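Swiss-Prot lists 35-55, 66-88, 107-127 with the feature transmembrane segment, giving sequence analysis as the kind of evidence. The feature site 'Calcium ion selectivity' is assigned by Swiss-Prot to E79.
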Amino acid sequence: MSFAEKITGLLARPNQQDPIGPEQPWYLKYGSRLLGIVAAFFAILFGLWNVFSIITLSVSCLVAGIIQMVAGFVVMLLEALCCFVCFEQVNVIADKVDSKPLYFRAGLYIAMAIPPIILCFGLASLFGSGLIFGTGVVYGMMALGKKASAEDMRAAAQQTFGGNTPAQTNDRAGIVNNAQPFSFTGAVGTDSNV
């Protein structure tokens, strides 16, 4: 068993039917899940740090810390079910979110990461929620899919729409027919040195 197979075996859920799809590389599928687990851990840890800011009477940082900890628990719930085996409804919630498209998860993670940063801008909220935001960005990129092959992009660029003539590619092609070229007749006059 190779190292990659061991890692994917650790990060795979039991009876998982490859919800992301076969078109995604294994390192992106499991890397996003690993990033989500690490992000959730640090969000909970730094959210707790923000909660302790009540000592300085900063209520907005207290609220931001609570929101950040809840966001960390939600991300941990969706990414690492093994941490919540004692709760029966966790599987139902995770399966429901897994059945949604990837852009739903991306939007959820990004939306959960923004309020703590706005309420209490500091290293703790920036790093903890920033990792969740990064996980949402990775899921968003996975939702966009991979880029088309070079042949497909060339074919799409050369298609004509509605009987239009294909685009001209020479240097003399202009937007307006019969347009006169720019001409410079000499050096620009000097300034009055003011």
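Count begins at 1; order follows the chain as displayed.
Placed from the backbone N, Cα and C atoms, the Cβ positions cover glycine too.
Predicted, not measured: the structure shown is a model, and the values here were computed from it.
Residues 36, 42, 46-47, 49-50, 53, 58, 60-61, 63-65, 67-68, 70-71, 74-75, 97, 133, 135-137, 139-140 of the same chain sit 6 or more residues outside the transmembrane segment (107-127) yet have a Cβ under 8 Å from a Cβ within it.
DSSP assigns E79 (site 'Calcium ion selectivity') to a helix.
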